[in-house]
Amino acid sequence: MTTILKSLPKGENVGIAFSGGLDTSAALLWMKQKGARVFAYTANLGQPDEADYDEIPRKAMEFGAEKARLVDCRSQLVHEGIAAIQSGAFHVSTGGIAYFNTTPLGRAVTGTMLVSAMKEDGVNIWGDGSTYKGNDIERFYRYGLLTNPELRIYKPWLDQQFIDELGGRAEMSAFMTAHGFAYKMSAEKAYSTDSNLLGATHEAKDLEHLDSGIKIVNPIMGVPFWRDDCAVKAETVTVRFEEGQPVALNGQSFADPVALFLEANAIGGRHGLGMSDQIENRIIEAKSRGIYEAPGMALLHIAYERLVTGIHNEDTIEQYRISGMRLGRLLYQGRWFDSQALMLRETAQRWVARAITGEVTLELRRGNDYSIMNTESPNLTYAPERLSMEKVEDAPFTPGDRIGQLTMRNLDIADTRAKLDIFAKAGLLSAGEGSHIPKLENDKG
C-alpha cells in the first residue's frame, strides 16, 4: 500500500498537525472544502512564543474541523530532553558550543504523541507542514509509521492542486478572507522561528546568508546579550543531580521536571546562555545554518558534564563522548527510538548517569561566559592529595614507582623508533632539517 498520498483523499478522515498559523489554517479550510473530514491536533510543547494554547483548537473548529484536540506533550518532551543530557546526544557544535538537538527532540515527541492521538480517533492519514527540502518531513514520516504502521501521509504542500491554488502566504490570506475569516498576515520577520520548551530554532530567509549574524535575531528565551544597552548582572546558581536526574536549582527542589526546566530556562535565559550559531548537515547531506537558543539545556548540560568528569574514569568519559556523538546524529535523523539509539542511550543512562549525584555551582555572566565555582559529590574520584605537589602522608606512589613505570615505556618507545625507520626507508618520512625529529613527506603516490 502506498504510504504517501499525492492528492487529497476525499471523504476520508485526515489528521493535520495544527499550529493555528496561516499555513495550517488555510490548509485545514481548503481540505474541508475539497471534501475531506479533517481532524486537528495541536501539540502543547511549552513553546515560549505561544500565548494561548486553548484558543488553537477553537480556531480549528471554526475552520471546519470535525474534531480538534490539544495534546499536552510537555512532560514527555522534558523526559526526552533529560535523556539526551544524560547520554550527551549532541553531535553538532562550533568552538565547543553545542546545538542541543531541541528541534529533533520536539519532533520525536510530536510525531509519536499526535499520531497516537489520531489512532485513538480512528484517523490513519496524517498531514503536517514540513517541506520536502527539510529534515522534518523524514522525522515525522519515521515517527508516524513507528507509532501506527497503518498510517498514510498526506501533505498539502506536496499536493500540486493545493500549491496551484494557494501557493504563497498572500494567496492563503486572501483565501481565508474570501471565506469569512479575516486573517491579517503578521509582519514578515527576517527569519523563521520554531520553538518548544527545550529550545528555539531561528533559520531561513536572511539567516541563510552567512554575513547575517546573531545580531539580527530577537531572542524569545533569553536576552540579546551582545547589545551594550542590555544589562546582564553576574549570577551564581547551583544545580543538583541525583542519580543522573536534575532535582534542584539554587537549593529549591522540584518534584515536577517540567517546572524545573522552566526555572532553568528562566535562569539561563537571563544571561543568554546556550545561544549558538551552527552550520550543520541536514539528513539529505545539504548544509544549513541555524541560530539556536537553549538556556535550560545548556545550564543542566554544563553541570552534568562537570560531574561526569569528576566521577568517571577516562575510558568511560571517552566512550560517553563517542557514543553521544553517534546518538546525537541518530536523534537528528529521526531515529531516537530505533534499536541502535536505544542501545546507546540506555547504556549511558545505566552506566554513566546513575553515578551522577552531586551539586555544581556556576557563575553566569553574558552569553556563554561562565565560571565553575564549586563541585561537590559523594562519588567524586577527584582526590587532590594523589597528585599534590606538597609532601603528603601515605602517598599513593613513590618516585621509585614512577621510575619503574617509565622504564616499562622503553618497550613501546623502541617499537615506535623502529616503525619510524621503516617509514623513512619507504620514503614516507625524512629527517627534519637541523633536527633528529622526522617529518612527513608529501604523498608521491
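A Cβ is built for glycine as well, from the same backbone N, Cα and C atoms used for every other residue.
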Listed co-binder of ATP (same site as ALA17, PHE18, SER19, GLY20, GLY21, LEU22, ASP23, THR24, SER25, ALA43, GLY129, THR131, ASP136, source Swiss-Prot) among ASP121, ASP159, ASP164, ASP194: ASP194
Same-site L-citrulline binder from SER87, SER192, given that Swiss-Prot records TYR99, ASN135, ARG139, THR201, GLU203, GLU280: SER192
DSSP-derived class (H/G/I helix, E/B strand, else coil) of SER25 (ATP binding site): helix
Check: same-chain CB within 8 A of L-aspartate site center, minus THR131, ASN135, ASP136: SER130, TYR132, LYS133, GLY134, ILE137, GLU138, ARG139, PHE140
Whole-number Å value for how far GLY129 (ATP binding site) lies from ASN135 (L-citrulline binding site) (Cα to Cα): 12
Spatially closest candidate among TYR99, SER192, GLU203, GLU280, the listed binding-site residues, to SER19 (ATP binding site) (Cα to Cα): SER192
Least Cβ-crowded entry, counting other Cβ within 10 Å, from the binding-site residues listed as ASP23, ASP136, GLU203: ASP23
GLU203 (L-citrulline binding site) versus GLY21 (ATP binding site) - Cα distance in angstrom: 18
